[in-house]
Amino acid sequence: MEKKEAEQKPLDDSNSTHKSDTSLVDKPAAAATDMAITSIPSTLLPQPSWFTAKRLLAVFCVINLINYVDRGTIASNGVNGKRRTCKPNGTCSSGSGIQGEFNLNNFQDGVISSAFMVGLLVASPIFASFAKRVNPFRLIGVGLTVWTIAVVGCGFSFNFWFIAICRMLVGVGEASFISLAAPFIDDNAPVAQKTAWLGTFYMCIPTGIAVGYVYGGLVGDHLNWRWAFWIEALLMLPFAVLGLVMKPLQLKGFSHLGSKKPLTSPLSAYPEEAVSNCSNGLLPTREDSKDGSKGAPSNLNDLTRFWKDLKMLHLEKIYVINVLGYIAYNFVIGAYSYWGPKAGYNIYHMKNADMMFGGVTVISGIFGTLAGGFVLDRMTSTIPNAFKLLSVATFLGAIFCFAAFCFKSLYVFIPLFAIGELLVFATQGPVNYVCLHCVKPSLRPLAMAMSTVSIHLFGDVPSSPLVGVVQDHINNWRVTALILTAILFIASGIWFIGIFLHSVDRFDEDSEDQISDAERSKSQPLLKGKSSEQIEVSIESS
């Protein structure tokens with residue numbers, strides 16, 4: 001009997017045979033093993049969590065929604081306001097909102113709206129790196145606490161520089177959640193619904209921004225722009241407290257209860273360690289990795305480790321292709337969200353361009369994001385299938401959006417553009433599925449962080465000013481919109497390449513005690529396990 005078969009075979013005297021080194025231990029030895037494991041203090045064993053998989057998804061969706069409500073709020077007319085204006089006779093209006101109160105020019109106002117991106121880009125890889133040393137759930141709690149304090153600071157701002165710094169700290173707080181939330185959801189989603197759960201999570205992006213526009217307008221008109229931030233902080237506070245005080249959850253591929261070393265199995269943190277030295281009745285610390293080599297020295301420089309992980313990440317061709325396509329995609333989406341209403345007003349003379357573009361984006365975003373996740377799950381969630389869906393959906397979406405801008409009639413433009421955006425937003429679930437499954441679990445937080453940094457740094461951050469330069473040069477919004485939309489064909493082509501690359505789903509790569517998809521789908525949610533359940537182990541006789 002091979003070693004692998006011996007490990008998978010249950011302890012059963014009626015079926016087991018005593019062979020050489022590969023046979024299972026006898027009953028007295030097994031009993032001694034059980035006694036050693038049960039001698040571990042109960043406080044050190046995994047304890048039940050209030051969270052179930054569905055509760056985790058619901059909580060993370062609400063947090064994500066609040067994050068993006070804040071982004072919509074800072075851009076809304078009720079909060080952002082307008083600057084002071086003076087008439088030729090010397091009479092000046094007081095202005096409104098942030099811009100009016102601090103008398104900001106348009107450049108300063110733009111900095112206020114995008115300052116959070118600085119904190120997000122800097123802090124995302126830092127939080128991802130710390131996930132190897134600190135429980136990731138605790139890091140989310142720390143990040144949400146920073147976010148809450150920073151948003152309160154926005155409400156108490158007294159000049160441009162103070163609110164700009166607070167907005168940067170908002171990005172720092174959001175970075176922990178953006179990097180770590182998706183791996184938690186992917187860990188706990190049912191096997192047949194992983195992409196649908198990711199799609200549900202990312203559906204909160206367009207929904208939150210649209211709600212933020214409305215929320216900011218209502219609060220700004222009826223109370224004061226400062227109250228918009230204070231109410232946001234009040235809504236986020238319970239989740240920050242939850243992340244700090246509740247039993248920390250375990251992320252697949254990372255150490256449990258404060259250990260600095262990644263585990264090979266998130267489902268069996270202590271059983272795996274307890275077996276190695278159970279004959280001594282002591283709780284051991286594993287020094288060897290699954291290939292038998294010694295673990296990294298505890299004094300290994302964190303920066304060196306970060307660069308090593310970053311190098312491993314960028315040597316993964318599937319990951320690189322996925323992110324390159326995502327950058328091109330986000331370049332277009334970012335410019336759409338910023339210039340879309342103005343282009344619509346100039347091309348089609350829309351009276352309520354903000355409301356019209358916002359409404360189309362919300363409806364298409366919700367249905368498109370959910371549909372993309374469900375379709376990939378029905379196709380069977382694999383990396384090649386994800387690339388097929390990414391390429392086809394983006395290509396068809398580009399055709400509809402391109403055709404929409406070719407027509408002069410507003411009544412033809414709206415339905416064509418809505419269908420195009422629905423298809424384009426269908427990529428949200430699949431693109432993040434590939435990002436999570438093409439790398440081993442211990443690299444997933446860094447993969448999500450670097451994906452976020454890349455799509456913003458090379459995507460939506462430069463796209464708005466570059467589109468502005470193009471428009472200033474050709475002075476034709478229809479042609480500018482067509483040039484921008486054509487970049488979606490590039491994104492589709494990049495993702496098309498991914499179909500033909502050799503891919504391996506690395507979801508269980510760090511796990512020695514792998515569980516089949518069928519067993520995982522039938523099992524209780526990871527976060528609902530009972531500490532009182534008996535731990536079954538298989539030991540090789542020496």
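Quick reminder: no glycine exception, Cβ is built from N, Cα and C everywhere.
As the structure is a computational prediction, the values presented were derived from the model and not from experiment.
The compositional bias 'Basic and acidic residues' feature in TrEMBL is assigned to 1-21. According to TrEMBL, the feature compositional bias 'Low complexity' maps to 532-542. Under the heading domain 'Major facilitator superfamily (MFS) profile', TrEMBL lists 56-504. What TrEMBL records for 1-24, 515-542 is region 'Disordered'. What TrEMBL lists as transmembrane segment is 111-130, 137-162, 197-215, 227-246, 318-339, 355-375, 387-405, 411-431, 479-501.
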**OP:** Please work out whether the transmembrane segment (355-375) lies in contact with the transmembrane segment (479-501), by counting C-beta pairs under 8 angstroms that are 6 or more apart in sequence and asking whether there are at least 3.
**Re:** no
Original post:
Can you name the far-off residues of the same chain, 6+ from the ends of the transmembrane segment (318-339), with a Cβ under 8 Å from a Cβ of it?
Top reply: 209, 361, 383, 387, 390, 394, 424, 427, 431, 434-435, 438-439, 447, 450-451, 454-456, 458-464, 466-468, 471, 484-485, 487-488, 490-492, 494-495, 497-498, 501, 503
**OP:** Note the mean pLDDT of the domain 'Major facilitator superfamily (MFS) profile' (56-504), expressed as a whole number.
**Re:** 80
